[in-house]
Amino acid sequence: MNTRIGTTGNASPLAADAYPMIDPFGRAVTYLRVSVTDRCDFRCTYCMAENMTFLPKKDLLTLEELDRLCSAFIAKGVRKIRLTGGEPLVRKNIMYLVRQLGKKIGAGLDELTLTTNGSQLSRHAEELYECGVRRINVSLDTLDPEKFRKITRWGDFSKVMEGIDAAQKAGIRIKLNAVALKGFNDAEIPDLLRFAHGRGMDLTVIETMPMGEIDEDRTDQYLPLSELRADLEKQFTLTDIDYQTGGPARYVRVEETGGRLGFITPMTHNFCESCNRVRLTCTGTLYMCLGQNDAADLRAALRATEDDALLHTAIDEAITRKPKGHDFIIDRTHNRPAVARHMSVTGG
């Protein structure tokens, strides 16, 4: 598989009309995140309420329809696709879509990857590798099994560890994602860093984002990563490096471990100026920005005709509405989310 990780790998040949999707601010849209389901087998406190109401299954696009949509985006210049959720691996027959997309690697698509909570990885790791998946993100906010249960509500820490083991054994590279939560896991980040780097994994820490009504108070959870970095620099030597994965993280090298640590800071230092992505939901709704409510309905165009001309027109129109930046802000006055939909709808 050709990869686009850092400066390694060779990108697949590009057509003469490569990167035809250019937004109003001159940014090429080359990255599609596909939320294949809003359902999850965890109920992480910063992501969703414990008693969630999920989309009726009849409202979901079929996997064949999602494949067709992804193919349309690849034809329009998308080079990287990430499957997300909810938890993508709980979608019934999800490996069908993975297999179909895997066939497009080297034929327009450079990379297929996914973000997962790890709970289903032990069952799917080998097949993911066989389909061309070479790296994944695993969400892990703590190494303490009791705290893990508290934050995920329903999660089994041992199953996630089994999944990480299985993925690494299969040859898949892993990046751990940890949401930094004040008073909960901020003191644990050094341990997460050592754990990740000790197993050859990158670690990225993320500021909590104000999306959807949850049971917790985000104003209590929010931790600026500038503060976290200052605390880490009391223990580690952090050197800024020019390392890119196509995402918003800014990376440092941890001299004591030799590993990489990423910071995703939507609240304190947004990454909008280099945004190269759009987000497709399992119902065919396209969000041009994670932190805005504007969206385009692609399902109608998809189902109107078997020809893709109308679909391509709908995609083009949507890209013209991609905003300059998001509207994230922690509202300490009213304690309400900046965006009403939950993270599980658009997949981060």
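Glycine residues also receive a Cβ, built from the backbone N, Cα and C atoms like all the rest.
The structure displayed is predicted, hence computed values, not measured ones.
Cross-referencing C282, C289 against the [4Fe-4S] cluster 2 binding annotation in Swiss-Prot, which names C272, C275, picks out C289.
Of the listed candidates (R27, R33), Swiss-Prot assigns R33 to the same GTP site as R82, T115, K175, R277, V278, R279. For Y46 (S-adenosyl-L-methionine binding site) paired with R277 (GTP binding site), the C-alpha to C-alpha distance reads 23 Å. Put simply, the two farthest-apart Cα atoms among R33, R82, T115, K175, R277, V278, R279, the recorded binders of GTP, are 21 Å from each other. Between the alpha carbons (Cα) of R279 (GTP binding site) and C40 ([4Fe-4S] cluster 1 binding site) lies a span of roughly 18 Å. The secondary structure of S139 (S-adenosyl-L-methionine binding site), as reduced to three states from DSSP, is extended strand. Of all the binding-site residues in the record (R33, C40, R82, K175, C289), the one with the smallest CA separation from S139 (S-adenosyl-L-methionine binding site) is K175. Among the binding-site residues C40, C47, R82, T115, the residue whose Cα lies closest in space to that of M209 (S-adenosyl-L-methionine binding site) is C47.
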